């Protein structure tokens, strides 16, 4: 762990790779749910629950790695986390029954969590606030390709080859990123400036800050939306429109484009408007997209259903980077611990939101759009409250 320990800025490409790894992993895995059902002879609800379990353990992982990185450094947290990911991914690959499969998923989720919380901590301490706002927006553009390419590649592999071919790819991917991080990731934590704050003290500061709750919920919803889509859409689109997994995965290209456009629009709007106002715009767009999906479900139309999801993704892309950037303002002295506790909260919320989607699953086209509409309406109300409370 002693290699390349220098206090410097990480490269943009490395940031994209590390932050994008959890998203890419689940984007690749999501199209395989039906193959998981067939391989282990389990129900759709059981297969979908592997996603919510992933986020639940991921949430515990971000708490652990955030506090660990504060006490031991960013590089050790990254190296050990990725190593644990490899253990879990290998167990998933060799699992002979569904119980071992779920255990492996839980272990890899705990390990891969370090790439999220540790990388965000590095970003927050390596760059000034003004630079950070723009950087988070640029990162959103870079990460837009992840949900676009992941489902296409994942769907193609499981259809053209086997589920185990995909699981092997995830092992190789994790090993490659571990080697890259070992050689290229700088240590940004300054030992002598490490604050002596207990986890409890930081936790109490967080829960007493209303904006932390609001932005945490924003981030949770915006991430859960795509996870819910990847859980529900393959089943719905195959049942109602007889589309293959590869075709369903190809729609993600449009989601990637809308994410890029949303992030680019955010960069333009930041020159003229406060981030809080931009988030309101994004949440309204999210709501309009959800309404489009509701209408498309009443008279089943694949074109309008996917178009509505594209608008949903565009709206969440406008809001997400601003919520992430603003969430921990005022916690600069405890970024690692605060970031891990904050991430724990919103990943628990993501897990809950995805779990609700899986629990509500009935095979109806209307269910997911209505669920999205409720979430979007809640975000709009919270955005208006935030603007009024800050008098913006």
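Backbone N, Cα and C atoms are what each Cβ position is placed from, and that goes for glycine too.
Note that TrEMBL annotation is computational and uncurated.
If you look up TrEMBL, you'll see 11-392 marked as domain 'Major facilitator superfamily (MFS) profile'.
If one looks beyond the transmembrane segment (51-68) by at least 6 residues along the same chain, the residues whose Cβ comes under 8 Å of a Cβ in the stretch are 22, 26, 30, 33, 76-77, 80-81, 102, 105-107, 109-114, 116-118, 121, 199, 227, 230-231, 336-341, 343-345, 347-348, 350-352, 354-355, 358. Positions annotated as transmembrane segment by TrEMBL: 51-68 (among others).
Residues annotated as transmembrane segment in TrEMBL: 80-100 (among others).
Marked as transmembrane segment by TrEMBL: 106-123 (among others). With a threshold of 8 Å between CB atoms, the same-chain residues lying at least 6 positions outside the transmembrane segment (106-123) that come near it are 10, 15, 18-19, 21-22, 25, 53-62, 64-66, 69, 74, 77-78, 80-89, 91-92, 132, 135-136, 139, 174, 177, 186, 188, 324, 335-336, 339-340, 343, 347.
According to TrEMBL, the transmembrane segment annotation covers 135-157 (among others).
Within its own chain, the transmembrane segment (163-182) is flanked in space by residues 3-4, 14, 17-18, 21, 24-25, 28-29, 32, 35-36, 39, 75, 78-79, 82-83, 85-86, 89-90, 92-93, 108, 112, 115, 154, 157, which lie at least six positions past its ends and keep a Cβ under 8 Å from the stretch. If you look up TrEMBL, you'll see 163-182 (among others) marked as transmembrane segment.
Summarising the annotation, TrEMBL assigns transmembrane segment to 212-236 (among others).
According to TrEMBL, the feature transmembrane segment maps to 248-266 (among others). Long-range contacts of the transmembrane segment (248-266) within the same chain: residues 27, 31, 137-138, 140-141, 143-156, 226, 233-234, 237-238, 278, 282, 306, 309-311, 313-318, 321-322, each at least 6 residues beyond the stretch ends and with a Cβ under 8 Å from a Cβ of the stretch.
TrEMBL lists 278-296 (among others) with the feature transmembrane segment. Long-range neighbours of the transmembrane segment (278-296) within the same chain, counting only residues 6 or more positions beyond its ends whose Cβ lies under 8 Å from a Cβ of the stretch, are 218, 225, 262, 266, 269-270, 303-305, 307-320, 322-323, 366, 368-370, 372-373, 375-377, 379-380, 383-384, 386-387.
Feature annotation from TrEMBL assigns transmembrane segment to 302-328 (among others). Residues of the same chain lying 6 or more positions beyond the ends of the transmembrane segment (302-328) and with a Cβ under 8 Å from any Cβ of it are 120, 124, 132-133, 136-137, 139-140, 144, 211-212, 215-216, 218-219, 221-223, 225-226, 229, 233, 237, 240-241, 243, 251, 254-255, 257-263, 265-266, 269, 275-276, 278-279, 281-296, 335, 338-339, 342, 365, 369, 372, 376, 379.
The transmembrane segment feature in TrEMBL is assigned to 340-358 (among others).
Below 8 angstroms of C-beta separation, residues 211, 214, 217-218, 221, 224-225, 228, 276-277, 279-280, 283-284, 286-287, 289-291, 293-294, 312, 315, 319, 353, 356-357, 360 of the same chain, each at least six residues beyond the ends of the transmembrane segment (370-387), sit close to that stretch. Taken from TrEMBL, the feature transmembrane segment applies to 370-387 (among others).
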### Message
Are there residues at least six beyond either end of the transmembrane segment (212-236) with Cβ under 8 Å to its Cβ atoms? List them, or say none.
### Response
26-27, 30-31, 33-34, 44, 48, 51, 55, 147, 151, 206, 245, 248, 255, 279, 286, 309, 312-313, 316, 319-320, 323-324, 326-328, 342, 345-347, 349-350, 353-354, 357-358, 361, 363, 365, 367-368, 371-372, 375, 378-379, 382, 385-386
### Task
Give residue numbers and ranges for long-range contacts of the transmembrane segment (135-157): same chain, 6 or more residues beyond its ends, CB-CB under 8 A.
12, 15-16, 19-20, 23-24, 26-32, 123, 127, 165-166, 169, 226, 230, 244-246, 248-253, 255-257, 259-260, 262-264, 266-267, 270, 317, 320-322, 324-325
### Arithmetic mean of per-residue pLDDT over the domain 'Major facilitator superfamily (MFS) profile' (11-392)
87
